[in-house]
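Some notes on the structure that comes next.
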Amino acid sequence: MIPELGRRPMHRGNEDSSFGDDYEKEIGVLLGEQQRRQVEADELERELNLYRSGSAPPTVDGSVSAAGGLFSGGGGAPFLEFGGGNKGNGFGGDDEEFRKDPAYLSYYYANMKLNPRLPPPLMSREDLRVAQRLKGSSNVLGGVGDRRKVNDSQSLFSMPPGFDQRKQHEFEVEKTSASSSEWDANGLIGLPGLGIGGKQKSFADIFQADMGHGHPVTKQPSRPASRNTFDENVDSKNNLSPSASQGIGAPSPYSYAAVLGSSLSRNGTPDPQAIARVPSPCLTPIGSGRVSSNDKRNTSNQSPFNGGLNESSDLVNALSGMNLSGSGGLDERGQAEQDVEKVRNYMFGLQGGHNEVNQHGFPNKSDQAQKATGLLRNSQLRGAQGSTYNDGGGVATQYQHLDSPNYCLNNYGLNPAVASMMANQLGTNNYSPVYENASAASAMGFSGMDSRLHGGGYVSSGQNLSESRNLGRFSNRMMGGGTGLQSHMADPMYHQYADSLDLLNDPSMDVNFMGNSYMNMLELQRAYLGAQKSQYGVPYKSGSPNSHTDYGSPTFGSYPGSPLAHHLLPNSLVSPCSPMRRGEVNMRYPSATRNYAGGVMGSWHMDASLDEGFGSSMLEEFKSNKTRGFELAEIAGHVVEFSSDQYGSRFIQQKLETATSDEKNMVYEEIMPHALALMTDVFGNYVIQKFFEHGLPPQRRELADKLFDNVLPLSLQMYGCRVIQKAIEVVDLDQKIKMVKELDGHVMRCVRDQNGNHVVQKCIECVPEENIEFIISTFFGNVVTLSTHPYGCRVIQRVLEHCHDPDTQSKVMDEIMSTISMLAQDQYGNYVIQHVLEHGKPDERTVIIKELAGKIVQMSQQKFASNVVEKCLTFGGPEEREFLVNEMLGTTDENEPLQAMMKDQFANYVVQKVLETCDDQQRELILGRIKVHLNALKKYTYGKHIVARVEKLVAAGERRMALQSLTQPQMA
């Protein structure tokens, strides 16, 4: 073993040589010393065991090269450790164990010709090709790419994030005692499946076991926050020696690939859906969501903040080329600290598929601002390697919040200055009483703010004011981005899931963002919410399997937004970033998640309209509690909300009928400021109508005054026209006249409107005729036209009913009588003729019947005119009725007109009406004519109707005759 010797990273160039002569000499020395040491079987097994991560599954690339040496070139030199064993086959341990080793597979295929006695590996050649394919695009100069030292226990994965250097020895002992059974059956070291229940320890288990120990401050504290914790963090941070800042811009030789499944896929381009994970504050597989700067620029995302990879080829490149750049020149102590920092930043840093740019060690507090400013300037000059807003990453994230142990804008790369500016602008200094620590409260705002800047403001350290120019573009993307800035925890059902992980007081939540759309909960969340949604009365909604806009969108913070009513959005009862969709805004929430402003603990999606809010707790309680009897006084302060709700509106209408004066005054005071809005509301208009009916007289007058100057637009509105009609019915005459005059010049427009015609009809009914002369005079010369209009025909009928002025009547009737036949056959005009027959004067009926004489059979066979003929039979006098019957019977014994009418689909109803309305003598005459044709009528569909009616009449006549015969002898 070679303790404390770190390998210096080196980038591959375009030439064939992988490294220079100096490095070849150094590597030769290291390999020679390593070869001279004979490792016992148990030591070798321990060494191999250290190569696998105790915190997360290693990459396939790393597993292949881990046991074979860190500087392999594909030949037998990397596998000299296998050649120095104690057994005859050249192995120092059990054959079965080494045959499971993926490094042995490469060794076998490289040396099988030199040593035919080598036992075959347990991995097929096809699996090897897949592993080599995943490895081929890596720019690591051999090795796993995780900066582990050769045969050194100081490997990154031997000390997971959250462990300080005092815990390394204990962790090594635990790793040494681990049995070889941790090797998976698929031959990959520490590569469990994606399923639940792997044998390997998770980060959560390690954190829980290490709760009592201090942690060095990286950028993310890894255990629940307390004052002592931050004190320890600051002390630990101050104890760290400054390490050299690494260069910016050069591609990094360190890469990680995400574990895609329990076994190697035969396809080198794995399905990106396999990487989807729960967007909870949990640790994610190494490498998920990481894309190098060069690759990121060529990635086409669905939205500005969508971190998902759209192409499977991009995913392959990302898996093998996810970089963390760095430079050499680190001392041994700084190397160890940076190794730990690299993994910690990787595990807790950007998760959103944004570019991971060059990470830096912790500088001293005295020179933080100077270094950060220079490095930020450098990062702006190098747009290809640094994260910018154009790439979706924002300001270079490694320089954010250098003076803050907890911050919550890591996902989109905003520096503290921009964050605090947004906090000031959007009022994120309203914290929920649920979260008691400053860290949780700081993450409650939708923009996220430093926990030590509760009121917003600028952070001096690490600040570059030039980057605040990106705020406008960032705000535009927030307002218009399809994926939205959402928080999964804003969903109260998600609180149960989050609470089970004990996350509310964890400061690491501040920076644990799931920006990558493929890191969203596609399986676990839907399964969980599917079972939980029934508790809240709303089914789970989702789009396609790839849709991340419902409960799965990239989040903008781990904590929900401010629950208080937002001062920039006074009409919304919630804060600004809710993940709830438009169809779910009225879902019932637990009362514990509500606050005094009527909002819900959560945020409001920015693409929702301003009038889409969540109902108040009072309204929700009213709708959910069916047994309790509410009174009007109990909903004080919520009358407008109740009026806009279906059940709340009905409740107010019922209570207003028997309300006291005080209750009416309370309702009146609340609805008056919103009267016009309620008049056009689907449910609110009924409350206004009911108040016109049952309100106090002064209140009705004041409410009617609200209508002035708005009569025409309200008359043309679906719900407003109902309020206008009710007002015309109940308000005082002077107000009626004033309201009606607003329609002057717009009468014909209102008559032809589906809503306005009702207002005109109500004016004709309720306003004295002398006050609506301008309406009636508009109809002169247009009576026939209006009579054939679907809405105008109703207005003409109201005129015939309520206008009794002789001059008006004569003018209207003259136009109608001149076109009786045409109107009788019109689909709307026939109603006007029927109205005249029913309500007109006798001489007017006679004129109409005479006009139809000679055309009765023809009119009876017409769909609309047949109704007019029936009205003539119903309302005509005996002489007029006899005249019509004789025309139907005809002049011959065959009764041809009658036969034609009985077989017609419309005229047969006229014949039935004749049998109902004529006297007994005429009925007997008609029945005698019909009986002759009964057998023939049974063959026709409509003739059967006549047969059935005749049979009933005959049966009724026979019974009547029988009764008469029985009563006559008794009388005698």
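Glycine is no exception: its Cβ is also placed from the backbone N, Cα and C atoms.
Remember, predicted model here, so these are calculated numbers, not experimental data.
Database features (Swiss-Prot):
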type	residues	note
DOMAIN	614-954	domain 'PUM-HD'
MOD_RES	SER202	phosphoserine
MOD_RES	THR269	phosphothreonine
REGION	1-25	region 'Disordered'
REGION	139-163	region 'Disordered'
REGION	211-249	region 'Disordered'
REGION	268-314	region 'Disordered'
REPEAT	634-669	repeat 'Pumilio 1'
REPEAT	670-705	repeat 'Pumilio 2'
REPEAT	706-741	repeat 'Pumilio 3'
REPEAT	742-777	repeat 'Pumilio 4'
REPEAT	778-814	repeat 'Pumilio 5'
REPEAT	815-850	repeat 'Pumilio 6'
REPEAT	851-886	repeat 'Pumilio 7'
REPEAT	887-928	repeat 'Pumilio 8'
Go ahead and report the DSSP secondary structure tallies for the repeat 'Pumilio 1' (634-669): helix first, then strand, then coil. 28 helix, 0 strand, 8 coil
Taking DSSP states H, G and I as helix and E and B as strand, how many residues of the repeat 'Pumilio 5' (778-814) are helix, strand and coil? 27 helix, 0 strand, 10 coil
I'm checking region-level scores; what's the whole-number mean pLDDT for the domain 'PUM-HD' (614-954)? 91
Is the repeat 'Pumilio 7' (851-886) packed against any residues at least 6 beyond its ends, judged by a Cβ distance under 8 Å, and which are they? 817, 820-821, 824-827, 830, 833-834, 837-838, 842, 845, 897, 900-901, 904, 906-907, 909-910, 913-914, 917-919, 922, 926
Composition by DSSP (helix, strand, coil) of residues within the repeat 'Pumilio 8' (887-928): 31 helix, 0 strand, 11 coil
The answer for the repeat 'Pumilio 3' (706-741), taking Cβ pairs under 8 Å and residues 6+ beyond its ends, is 672, 675-676, 679-682, 684-685, 688-689, 692-693, 700, 749-750, 753, 755-756, 758-759, 762-763, 766-768, 771-772, 775
